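To keep things clear, I will list the structure first and then write my remarks on it.
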Amino acid sequence: MAKFDAHLKCSFCGKSQDQVRKLIAGPGVYICDECIDLCNEILDEELVDGQGNSRHSHEPSRKAMPAARKSSKPAPTLASIPRPQDIKSFLDQQVVGQDAAKKVMSVAVYNHYKRLAWQGDGQGETEETATRLHKSNILLIGPTGCGKTLLAQTLAEMLDVPFAVADATTLTEAGYVGEDVENILLRLLQKAEMDVDQAQRGIIYIDEIDKIARKSENPSITRDVSGEGVQQALLKMLEGTVANVPPQGGRKHPYQDCIQIDTSQILFICGGAFVGLEDVVQKRMGRNAIGFMPSDGRGRSRANRDLQAAQVLRHLEPDDLVRYGLIPEFIGRMPVSAVLEPLDESALQSILTEPRDALVKQFRTLLSMDNVQLQFADDAIEAIAQEAHRRKTGARALRGIVEELMLDLMYDLPSQTSVKEFTVTRAMVEEHTGGKVLPLPGAEQQKTA
């Protein structure tokens, strides 16, 4: 036993039991009196620093924290802000359809950045500029894969501002396991490279906002830490407050250095599918159908059902969102709302070919690097769109289908140097037999997209 004790050493500094005055044992670890004294010194110095009596803190803990920095970019000016029609034209290049939602977002974003430029001019002494302009956050309602996130991303790209995406399902009320709402601001700050001024002019998109709806219309009598509790925690951030953001993320704790961010200039865009919301609207209107939505869905195509659901949501009122599960205070902080329509087969075909980064163009570019000219027959484009519409996941289904179709082609074509041109046909889409690189009879006569 004496021989075993001689090999005991501190788990932190590595000194043996003979080199220190005291060695304290824990469950599988040991710590010496010198390491304990060092820990006490670190805690005492940080405590004094937090009270403002000293600016000396332990150097290692300072080095681990990213520091906020001042912005080198000027605030936007009225002349530099694109007009609503210019914003919509830019959105048209990336997002197919959704004209009503594009118009709503273009005007809302234009007014938001006009407000920032107006405040940045330093002319607040006159009677005209003394009027305070409040921001208008945006609520996007639409089925999955209809372009909600892409709209927000395209806006941020055009305006050259930091853009962060957060998932509402990961947020919990303070004091519970999960992410604090302040972590959303940390993501925006990281996108701005820790530039606070730039982050305060950014855009935050909170996805799956419908998933934090409370379970019933009545206020909860028990803790709903990932539903109503998160809505309550988001209220001040959406309205505008100075939030303390921990630079390393995670939970805040006393004496922790935080970065202060003013959220009054941050544009919040919340999006969600809100499945079943059309039923709430119909119930409010007092009947199972409102003239164009028969109660018996037999015999109706899915395209007609989706179109009719979108028509129902045009009659949406704030009370319907309250009945769905959002609290009135939360709805009041999202004054601008836009309903996105589900994508039909025609829109899905356009998504495949028209946008700047369309899937067809991407795969053509990839195969052109192997000196192969790839073509998609018109009926193949139609078949892909039909399959994507059947899968009910919107535009997201397109990439999955095309990836499945092109897998074997992308594997074989680079090795077959004799093949200079290849056309994807409808039969290949329907049977997913694109793996065999065979000459297609009459391929050159096929009308291609």
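The backbone N, Cα and C atoms fix where each Cβ goes, glycine too.
Noted in Swiss-Prot for the protein shown:
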type	residues	note
DOMAIN	1-51	domain 'ClpX-type ZB'
BINDING	Cys10, Cys13, Cys32, Cys35	Zn(2+) binding site
REGION	50-83	region 'Disordered'
BINDING	Pro143, Thr144, Gly145, Cys146, Gly147, Lys148, Thr149, Leu150	ATP binding site
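Looking at Pro143, Gly145, the binding-site residues in this record, the fewest other C-beta atoms within 10 angstroms of the C-beta turn up around Pro143. Long-range Cβ neighbours of Gly147 (ATP binding site) (same chain, at least 6 residues apart, Cβ-Cβ under 8 Å): Val95, Val96, Gly97, Gln98, Ala101, Leu340, Leu343, Gly394, Ala395. Summary of the ATP site environment: with the site residues Pro143, Thr144, Gly145, Cys146, Gly147, Lys148, Thr149, Leu150 set aside, the chain residues having Cβ atoms within 8 Å of the Cβ mean position are Gly142, Gly271, Leu340, Gly394, Ala395, Arg396. When other Cβ atoms within 10 Å of the Cβ of Cys35 (Zn(2+) binding site) are tallied across all protein chains shown, the result is 18.
Per-site Cβ counts within 10 Å over the binding-site residues Cys10, Cys146 peak at Cys146. Reported as a whole number, the C-alpha separation between Cys35 (Zn(2+) binding site) and Pro143 (ATP binding site) equals 57 Å.
Distance from the CA of Cys13 (Zn(2+) binding site) to the CA of Leu150 (ATP binding site) is 52 Å. A sphere of 10 angstroms centred on the C-beta of Lys148 (ATP binding site) encloses 26 other C-beta atoms. Considering only the binding-site residues Pro143, Gly145, Cys146, Lys148, Thr149, Cys32 (Zn(2+) binding site) has Thr149 as its nearest partner by CA-CA distance. Most Cβ neighbours within 10 Å, among the binding-site residues Cys32, Leu150: Cys32 holds that distinction in the structure as shown. Cα spacing between Cys13 (Zn(2+) binding site) and Thr149 (ATP binding site): 50 Å, rounded to the nearest whole number. Residue pair Lys148 (ATP binding site) / Cys10 (Zn(2+) binding site) shows a Cα separation of 56 Å. Excluding the listed site residues Cys10, Cys13, Cys32, Cys35, the same chain places Ser11, Phe12, Gly14, Lys15, Val20, Leu23, Tyr30, Ile31, Asp33, Glu34, Ile36 with Cβ atoms within 8 Å of the centre of the Zn(2+) site Cβ atoms. Residue counts for the domain 'ClpX-type ZB' (1-51) under DSSP, helix first, then strand, then coil, are 25 helix, 8 strand, 18 coil.
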